[in-house]
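Participant: Grabbed the feature section from Swiss-Prot, which reads as follows:
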- Arg47: NADP(+) binding site (BINDING)
- Arg124, Ala125, Ser126, Gly287, Lys302, Pro303, Thr304, Ala305, Thr306, Arg328: FMN binding site (BINDING)
Amino acid sequence: MSSSFGKIFRVSTFGESHGGAVGVILDGCPPKLKVDINLIQNELDRRRPGQSDITTPRNEEDKIEILSGIKEGFTLGTPIAMLVRNKDQRPGDYDNLEQVFRPSHADGTYHLKYGIQASSGGGRASARETIGRVAAGAVAKQLLKTFCNTEILSWVKRIHDIESDINKEKISLKQIDSNIVRCPDEKVSTEMIERIKELKRQGDSCGGVIECLVRNVPSGLGMPVFDKLEADLAKALMSLPATKGFEIGSGFSGTYLKGSEHNDAFIKSDDISKLRTTSNNSGGIQGGISNGENIEMKIAFKPTATIGKEQKTVNAEGKEVLMKAKGRHDPCVLPRAVPMVDAMVALVLADHLLLNHAQCDLINK
């Protein structure tokens, strides 16, 4: 079971949804990096449960504890251990599911592979595991901001069949966090919230799409063939719970264009290190390497699998049973998934930034 990610900037998460705590060990972070603990807490607050009436009612404070690696606001270059204690577990909600495979959950596949079933809150398959990723991602964000002024912004673009079409170049974090669904389009966000509430009343759920924009990306991040930047971003984002699709740049819509329409022409420049393009269908990455343009991505999330409707399924003996979930769950994961997307993008970019310096700093380019 893999719980680690990254080559130089490495994270290992631990803990279960209804265990004593969840957390992360972050190794490979450079020393003397100024880290604001409040910014880490702010990211955790953005993903915590119980923050609004369109999220799960599970009530967790998610207060971060720094156990090692940071002293007086600066990193030591040693492993950074961060912990969040679980305080509102209700494993009894899952007693009736002990030997039942919930539709579209990890129960069945975990049983097939490991011979065990983490029915209580989903165990490691729960989105609660992402607390460690978000905490480590908050450190990665500060590293990227300090050395590159890089800004990562993610927002909800679509909920069910309700979609926003806002000018992404002008989007700010303040706009994104101005409402509980985290869509910077004021009119559309109201419609999204009402749709989620409607489905919640029906005991149902919905999915959607999160869009991510990364500004001030250094050129040269990523490597050819197996360590392409977009490949690592895809793996990172598709490792998040409930993800079902990834696009970068023009994505699937680019297949409708001709080469003459899709190509991003370079602009004449006296400084080749600041090369720019007339368009950005590539999404800021060409040949697996960042070109200095904004990185633009979309990530698809499926409807929450746990719903309040009675469903047919089978138990561990293969017999058909009826089940109805009792646990506390999000009717839509997207509002809380926004900081998770930010975190995974930050972790990939921080890792590639350090890899690039390790490989190329001695080269006279």
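Just so it is clear, glycine is given a Cβ too, placed from its N, Cα and C backbone atoms.
Owing to the predicted nature of the structure, the values given are computational and were not obtained by experimental measurement.
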Participant: Consider each pair of residues in Arg124, Ala125, Ser126, Gly287, Lys302, Pro303, Thr304, Ala305, Thr306, Arg328, all listed by the record as binding FMN, and report the largest Cα separation in Å as a whole number.
Facilitator: 44
Participant: Determine, to the nearest whole angstrom, how far the Cα atom of Arg47 (NADP(+) binding site) is from the Cα atom of Ser126 (FMN binding site).
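Facilitator: Here the two Cα atoms are 13 Å apart.
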Participant: List every residue in the same chain as Lys302 (FMN binding site), at least 6 positions away in sequence, whose Cβ is under 8 Å from its Cβ.
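Facilitator: In sequence order, the residues whose Cβ lies under 8 Å from that of Lys302 (FMN binding site) (at least 6 apart) are Ser104, Gly207, Ala242, Thr243, Lys244.
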Participant: Of Ser126, Thr306, the binding-site residues given in the record, which has the fewest other CB atoms within 10 A of its CB?
Facilitator: Ser126
Participant: Which entry in the list of binding-site residues, Arg47, Arg124, Thr304, has its Cβ near the fewest other Cβ atoms, using 10 Å as the limit?
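Facilitator: So among Arg47, Arg124, Thr304, the binding-site residues given, the one with the fewest Cβ atoms within 10 Å is Arg124.
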